[in-house]
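These come from Swiss-Prot:
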| type | residues | note |
| --- | --- | --- |
| ACT_SITE | Ser101 | active site, phosphoserine intermediate |
| BINDING | Ser101, Asp243, Asp245, Asp247 | Mg(2+) binding site |
| MOD_RES | Ser101 | phosphoserine |
Amino acid sequence: MRKLFGTDGIRGVANVHPMTMEIAMQVGRAIAFLVKKENYRHRIVIGKDTRLSGYMIENAIVAGICSMGVDVLLVGPLPTPGIAFITTSMRADAGVVISASHNPFQDNGIKIFFSDGFKLPDAMELKIEDLVLSQRMLALQPLAEEVGRASRIDDAKGRYIVFLKNTFPKKYTLDGFHIVIDCAHGATYGVAPHVFEELGAKVTALGIEPNGQNINAGCGALHPELMAGKVKELGADIGLAFDGDGDRLIVCDEHGVVVDGDHVMAICAKELLAQRKSKKKTLVATVMSNMGLEVAMKKMGGHLVRADVGDRYVVECMRKNGYSFGGEQSGHLVFLEHMTTGDGILAALQILAIMKKRKKTLSELAQVMQSFPQVLKNVRTAKKISVDSIVGFADAVKKYEMQLGDTGRILVRPSGTEPVIRVMVEGLDSAEINDIADELCELIRRVSNS
């Protein structure tokens, strides 16, 4: 059983186990120990978002890595995909991201990329856990003259901006586009405005004044209403909202209507199919994606494959089976042609390129898919419980699944990052699926509160 790592690295309240300085230093030691294979200077990239606790955790990880004789390259606040890019660009042995993504500023986390820019597999995370908890590394520390050094890459942001612009077709510019962006006071604040402005767009930027405590606070991908309202107010062409670490994108059309990740995937999949760039004509989504996406893919002549929730599992499925595009309803979009992980800014550029090429608004492009009614409810639990242990729960789910038939489905799963059980119900009748979700949530609450 995992003791440190969840579905997306290690995460928790800063300065509380497991997100303590002591654990962070041990994680740094473990990563350094695992990458040391040959007799040469090894290097690990470290980047972060804009949380107050990022500096504390960064220093602890740096100390751990250097104490094992490995050098550190610091890039400062940079989106998660930017850190993956710099890791591969600098031929580093690994990359470390200090971020809790869309969570409030009190939380923080540690995510790790391998030298190829992909997140560590489960087996490698378990090795790190074992090393951290066993204390075996204390006997393996090098002599004083062999400790590592930490240095800063001053132009990391600029390198990433150039990379992003190169993913946008060179025959197009964004001249004539008015774009509203919301950077959530997070890692994209110093990157996104420059990318879109340098490509010729008029940019209205929100969420670009981080103070260490305002990341994701009433803004960004979790609060697209801020971006949408500004689009309507200014008559902009599109709105783009990123989460705290920049690996997620939520968009709104020219009317201020939010377009979720499923619709964006459908838009991009259609274009990739038309260009014959969709490997095996397959889109990889997750179990959370709407049934309407499945229907849309069939109409386009493509296929939908579902992976477990989490962009890392989407990427694992893509790599294992040779697929090129995938994502999540929540806004993680992965274009393996360009990037090894979800990248909000890169995804936005691909959408804008389609709008430019097809000479259509986002609202027109979004007609490619019609969503089935879907309700998603979160039940916060006082203690960790398994739905399998709830008496009568499995029978209730089976009964409702029979009631919905082939035009609906039920998904119940625990969150990988917080004490929450998510209940998703999909079907043709909104009132019916809402009632079903309420009944299932009530069963969970009774056990949680008992």
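Glycine is no exception: its Cβ is also placed from the backbone N, Cα and C atoms.
Given the structure is predicted, the values throughout are model-derived calculations rather than measurements.
The residue listed as 'active site, phosphoserine intermediate' is 8 Å away from Asp247 (Mg(2+) binding site) when you measure Cα to Cα. Apart from Ser101, Asp243, Asp245, Asp247, the residues listed for Mg(2+), the same chain places the Cβ atoms of Asp49, Pro79, Thr80, Ser99, His102, Gly186, Ala187, Ala221, Phe242, Gly244, Gly246, Arg248, Gly342, Gly344 within 8 Å of the centroid of those Cβ atoms. Residue density at Asp245 (Mg(2+) binding site): 35 other Cβ atoms are found within 10 A of its Cβ, drawing on all protein chains shown. Ser101 (active site, phosphoserine intermediate) counts 28 other C-beta atoms within 10 Å of its own C-beta, drawing on all protein chains shown.
In this structure the alpha carbons, written CA, of Asp243 (Mg(2+) binding site) and Ser101 (active site, phosphoserine intermediate) are 6 Å apart.
Take the CB of Asp247 (Mg(2+) binding site) and look out to 10 A: across all protein chains shown you find 34 other CB atoms. Under the three-state DSSP scheme, Asp247 (Mg(2+) binding site) falls in the coil class.
Cα to Cα, Ser101 (active site, phosphoserine intermediate) and Asp245 (Mg(2+) binding site) are separated by 5 Å.
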